[in-house]
Amino acid sequence: MRRVYLDHSATTPVHPGVIEAMVDCMQNHFGNPSSVHSFGREAKKLLEEARANVAHLIGARPEEIIFTSGGTEADNLTIFGVARAMRKKGNHVITSATEHHAVLDACQALTKEGFEVTVLPVDETGMVRVEDVKAALKPETVLVTIMHANNEVGTINPIKEITQLVKAHGAIMHTDAVQTVGKIPVDVNDLGVDLMSLSSHKIYGPKGVGALYIRKGTKLFPLSHGGGQERKRRPGTENLPGIVGFGKAAEIMARELPEEMGRMGRLRQRLIEGLLAIPEVQLNGHPTERIPINVNVSIKYIEGESLLLMLDMKGIAASSGSACTSGSLDPSHVLLAMGICHEVAHGSLRLTLGRDNTEEDIEYVLDVLPQIVERLRAMSPLYANKEG
Amino acid sequence: MRRVYLDHSATTPVHPGVIEAMVDCMQNHFGNPSSVHSFGREAKKLLEEARANVAHLIGARPEEIIFTSGGTEADNLTIFGVARAMRKKGNHVITSATEHHAVLDACQALTKEGFEVTVLPVDETGMVRVEDVKAALKPETVLVTIMHANNEVGTINPIKEITQLVKAHGAIMHTDAVQTVGKIPVDVNDLGVDLMSLSSHKIYGPKGVGALYIRKGTKLFPLSHGGGQERKRRPGTENLPGIVGFGKAAEIMARELPEEMGRMGRLRQRLIEGLLAIPEVQLNGHPTERIPINVNVSIKYIEGESLLLMLDMKGIAASSGSACTSGSLDPSHVLLAMGICHEVAHGSLRLTLGRDNTEEDIEYVLDVLPQIVERLRAMSPLYANKEG
Amino acid sequence: MYTDKVMDHFMNPRNVGEIDNASGVGEVGNASCGDIMRIYLDVEDNIIKDVKFKTFGCGAAIATSSMATELIKGKTIDEALELTNKAVADALGGLPPQKMHCSNLAADALHKAIADYKAKQDAKK
Ligand SMILES: Cc1ncc(COP(=O)(O)O)c(C=O)c1O
Ligand SMILES: Cc1ncc(COP(=O)(O)O)c(C=O)c1O
Ligand code: FES
Ligand code: FES
């Protein structure tokens, strides 16, 4: 059976060149980068090469990159690390309603430490309004964290404008760029942010490794303690194979991005057109300000999990904001924040493209999907009600 | 040139079978374990197989294992997680002077949150005295964390006896078993501990992954927040290739341990004998209660870093507790805690054995080392003084 | 970590040893990391005819000792006094940041040895 992976915002396949680099690292350079001897020095060299590659991808300097165990840790390190370090200056943090749980839940936990957190709303396309940020800034505001692009609907926030406001106000600006890095051009100096979270497994690197960009001079307490690794900001023996893989992925992304961005955009347009040709399907998110790999639609009168399972039987991997897929009782907080009602959120389908996808893959999906939709709708009392 | 790696307590080479399992995971099962579709389910299956293998190695149940980014995170998660969760019950924590920095520094940081920390001394072999634990237990004691074996001198602590006291007192017992798991038999139920830290890269698995054993019913706050992974105790997309590698390493260790333990012990005895035949060399640590891979000696009148560099020129990788190798101003806190003076600590040499080492490796070291010692002593003003 | 120059002076240190009845001896010990360096001078007509050292310390400590002795051999006392710690480190192609304190040893020991020589000369007068 044909297998079509369309869940690249959840995770990506590991690039063959990345696997090769990791195997070389594990077979030939397994030393501990802290060791004095040649095994250690070779490992250290690989570590610093990877750091340079990741820095290059976002226009940073290598010494401004520290490696973490993933995007979640980078987000948590920022939120707890900066807020606690700035506690004397103020106790107010601003974030937005569509952030990843790593940001939202960390901010929520901050409130138990005496912080006040403002969660900004988004408009119906999922975008944070610059004027809302302006209105929320207070003398006590020490940190603003707004994601670069959303993982569910792909909407890109106006981070550059927001950052200008935040910096002029004297607060620290962080953006979770897990979903944009490697997909659109991202430059820390163009955006002006102080901190930026990255994750390797979203850019064809291995899982379990990420990075935090920390602009020189930004104060941050570590989340954990131990050896002096990563400039004392992130202790523990470095995940060398993971970091080497991440570095290789960053190098490949930097090279492929210009061409892939265009190709993804074209596949995406074809997919959206095809999906909107099915009756009662709506596009969620922003029509243009969205990352080129993201398609998110709501297919009315059906529920996302059943849809995913039927697609899976046809070899198609996708995801949904349905409550039934989340393990919790509520559908996607992102779709709800955009003002989409529960019922429509339940029928959401996210298809996220990647470098292995072809036009044939898209045609296959557009061939299979209408039949599935029809079958599910035939079973749905909502659809029956509506017709009746 | 012959290369002899004798720094297995710093990190180990990755076992070829581990690399193979990781490559298979990355090539064929790259899904996100949280995904509904087949890619996700395959990943989830690998995750749970690895968990079962790691659990088996220490006699635990799979649901009592959570994966972390390494030993450092497992230690920090325990110390902050348990202490904060038990805050209402008491604010006293007990640890020992020879713990890894991941434990010592985390305990130090706890004092800023209003905890009182007792750091127990050790005897001249590096062992914690059971009666000292008994004397230190107070009504406010909520957590005791004592390492199973020390990473520098290899001394094994009487964890079973200590745990009995601690449990009878109603406190929670943690042991950092990073240096014992895979080297001697370790069983969580035999030891009776509530929590145990493990690290993959010390048992021929990849760096950047570890585990925390948490006995059912033990309360613990997470260090960071986000997705609900690892029973909400450790969020973030799972480091699947790392975890799969760790699981494979655990499986191999469980199989090889009985035989390797004996072989390591024999190589170690030969090495110790040969080293003690050099004049003015002393063995650091316990004569018998030490892990079979550890040799730690002090070679008087010479400094450890120069010794490591000269050994390195001969292809031999080792480590030292000298201040000059630490990047800080003090020599090893472990050797100092054992009552060894600065000068003798500076001349310490740690050789830690592994599964690739042969008798020939040991003879090579014993052939090369005396000449190096002679050269360095000829340069040493301390040796001159002594002779003069 | 170390430059090739450092490794060369570490593996093949110049002027290791002692001088019997030296014209001047200087010893410095950096209590912080326990390293000790001793320099022996043989001075004739205000010129350093020979110099030897003994050092207990890391690779950088040994290499800087060796380089410092090389740099002043055959120089006048006044020229030798001008030797700075930085000059020694530079001559070695630089030292890692955490090792800069070791380079302070060599020039300091030398200056002490010269002071000892001068004191001995004054005593003779
Ligand atoms: C926007 C965003 N932030 C953070 C994360 C978390 O990254 P990681 O999976 O590496 O922990 C993800 C992906 O899960 C994400 O999409
Ligand atoms: C006793 C002990 N605990 C903890 C650690 C830290 O483990 P990791 O390197 O996986 O962070 C180590 C090794 O460095 C260790 O030897
Ligand atoms: S209908 Fe079963 S989980 Fe929602
Ligand atoms: S002598 Fe100790 S660091 Fe150089």
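Glycine too: its Cβ is placed from the backbone N, Cα and C atoms.
What TrEMBL annotates here:
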ACT_SITE  A:C324  active site, cysteine persulfide intermediate
BINDING   A:G71, A:T72, A:N151, A:Q179, A:S199, A:S200, A:H201, A:T237  pyridoxal 5'-phosphate binding site
BINDING   A:C324  [2Fe-2S] cluster binding site
DOMAIN    A:4-365  domain 'Aminotransferase class V'
MOD_RES   A:K202  N6-(pyridoxal phosphate)lysine
- request: In whole Å, could you give the widest CA to CA gap in the pyridoxal 5'-phosphate site formed by A:G71, A:T72, A:N151, A:Q179, A:S199, A:S200, A:H201, A:T237?
  value: 30
Field: Cα-Cα distance linking A:K202 (N6-(pyridoxal phosphate)lysine) and A:G71 (pyridoxal 5'-phosphate binding site), given in Å to the nearest integer
entry: 10
Query: If you count other Cβ atoms within 10 Å of each one's Cβ, which of the binding-site residues A:T72, A:N151, A:Q179, A:S199, A:S200 has the most?
result: A:S200
Statement: Here the recorded positions A:N151, A:Q179, A:S200, A:K202, A:T237, A:C324 meeting chain B with a Cβ under 8 Å reduce to A:T237
Local confidence of the domain 'Aminotransferase class V' (A:4-365) - pLDDT mean: 97
Query: Under 6 Å from ligand 1 by Cβ, which recorded positions from A:G71, A:T72, A:S200, A:T237, A:C324?
result: A:G71, A:T72
Query: Which binding-site residues from the set A:T72, A:N151, A:Q179, A:S199, A:S200 come near ligand 3, judged by a Cβ under 6 Å from any of its atoms?
result: none
Field: Rounded Cα separation (Å) that holds between A:Q179 (pyridoxal 5'-phosphate binding site) and the residue listed as 'N6-(pyridoxal phosphate)lysine'
entry: 7
Distance-selected recorded positions near ligand 2 (C-beta under 6 Å), from A:Q179, A:S199, A:S200, A:T237, A:C324: A:T237
Query: What three-state secondary structure does DSSP assign to A:H201 (pyridoxal 5'-phosphate binding site)?
result: helix
Statement: DSSP output for A:N151 (pyridoxal 5'-phosphate binding site) maps to coil
Message: So, three-state DSSP: helix, strand or coil for A:Q179 (pyridoxal 5'-phosphate binding site)?
response: coil
Task: Rounded to the nearest Å, what's the C-alpha distance separating A:N151 (pyridoxal 5'-phosphate binding site) and A:K202 (N6-(pyridoxal phosphate)lysine)? Just drop the number here, would you?
output: 11
